[in-house]
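Asks: Heads up, here are the entries from TrEMBL:
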DOMAIN    43-340  domain 'Sugar phosphate transporter'
TRANSMEM  41-65  transmembrane segment
TRANSMEM  77-99  transmembrane segment
TRANSMEM  120-138  transmembrane segment
TRANSMEM  144-164  transmembrane segment
TRANSMEM  171-188  transmembrane segment
TRANSMEM  200-218  transmembrane segment
TRANSMEM  230-249  transmembrane segment
TRANSMEM  269-289  transmembrane segment
Amino acid sequence: MSRAQLTRTGILRMALGGGGADPLLPAEGGGGRRAPFLLRALRIAVVVCLYWFTSIAMVFLNKYLLDSPSLRLDAPLFVTFFQCALTAALCLGLSLGAACGPPCAGLPTLRLDPKVSRSVLPLSAVFIGMVTSNNLCLKHVGVAFYNVGRSLTTVFNVLLSYLLLKQTTSLYALLACGVIIGGFWLGVDQEGAEGTLSWTGIFFGILASLCVSLNAIYTKKVLPVVDGSIWRLTFYNNVNACVLFFPLMVLLGEFRTLYHFDKLGSPSFWGMMTLGGVFGFAIGYVTGLQIKFTSPLTHNVSGTAKACAQTVLAVIYFEETKSFLWWTSNLMVLGGSFAYTWVKGLEMRKVQEDPNVKSGERNETGV
């Protein structure tokens with residue numbers, strides 16, 4: 001999996017891209033007539049637009065909740081905790097609605113098993129690091145720089161694949177990683193030149209990139225514990241995260257911050273919190289839709305293009321002025337990510353077409 005826009009539903013995205021059928025997603029054609037080209041093209045366009053809208057809206061909503069001058073809420077862990085709790089509640093609600101028929105029919109029944117919960121705990125620790133560092137990076141850097149700030153996921157994927165899985169990477173893929181690293185450092189340099197650099201944000205961006213890669217590896221290890229059900233894993237992961245967030249919030253004094261927060265009783269505040277959580281949950285579903293109606297390669301290309309659009313929108317919305325080199329750093333990151341996705345796609349196709357390659361090796365190539 002290449003550089004993804006991961007949030008608390010990052011596990012759901014990876015699994016949908018990895019293959020298992022999802023009861024919430026439309027079944028792929030099997031024997032019926034294919035829809036006319038115009039209808040299929042329109043459906044793909046709608047799904048891609050829905051993915052773009054959901055993903056971009058989620059980032060802007062989280063930025064508002066984490067760092068809005070009008071809100072002035074310095075409790076990033078609480079925001080993340082609430083969204084994890086809402087994700088768990090939505091999973092449970094969809095499971096309870098399974099008896100009502102489509103579109104919920106086929107969802108597994110969810111119940112909390114302490115033994116399974118303990119088995120998922122190592123992944124949950126990585127998951128907490130991922131969602132927390134993502135949100136802290138977004139809190140300390142602008143939306144326009146957010147894409148560059150956490151752009152090293154692809155690089156960590158390659159590094160961890162070699163260190164933990166002993167998988168080598170082709171020269172062209174390594175060159176693409178080099179372009180991403182160059183774009184990252186140029187972006188850091190330009191943020192410093194403009195006086196908007198936050199080393200705290202950079203630190204959490206790098207940590208987020210590392211945790212995203214580790215999350216993908218641990219997810220593959222833990223999936224058999226929940227019988228390969230991504231919905232069960234999402235449920236257990238978010239329930240565990242809610243429990244683990246409590247001592248962290250106490251340690252960092254966020255309950256005291258909430259006690260003095262003047263908008264704690266505001267319906268508009270809770271409306272924005274709920275909306276942010278719903279968008280965070282929905283991104284996994286619309287990502288799955290995009291992969292179903294296109295392909296994993298097209299999804300990654302769409303994600304790269306979406307990141308570009310998100311950056312431009314952020315610069316316009318916040319009325320920022322950026323230098324030529326700053327834009328160059330973004331183009332390097334986006335171009336490197338696109339090139340890596342394209343190279344891995346060609347390599348996977350070559351492996352799939354080679355009859356001498358074992359099925360296990362084909363699976364490894366897609367990691």
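Placement of Cβ uses the backbone N, Cα and C atoms for every residue, glycine included.
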Asks: Taking residues 6+ outside the transmembrane segment (171-188), which of them lie with a CB under 8 Å of any CB in it?
Replies: 3, 145, 148-149, 151-152, 154-155, 158, 197, 202, 325-326, 328-337, 339-340, 343-344, 347
Asks: Would you say the transmembrane segment (269-289) and the transmembrane segment (41-65) are touching, if the rule is that at least three C-beta pairs must lie under 8 angstroms and be 6 or more residues apart?
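Replies: The transmembrane segment (269-289) and the transmembrane segment (41-65): touching, yes.
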Asks: Please check if the transmembrane segment (120-138) comes into contact with the transmembrane segment (269-289), where contact means 3 or more CB pairs closer than 8 Å and the residues in each pair are separated by 6 or more positions.
Replies: no
Asks: Please give the sequence-distant neighbours of the transmembrane segment (200-218): residues at least 6 beyond its ends with Cβ less than 8 Å from one of its Cβ atoms.
Replies: 1, 4, 6, 10-11, 14, 122-123, 126-127, 129-130, 133-134, 136-137, 139-141, 145-146, 149-153, 155-157, 159-160, 164-165, 188, 367
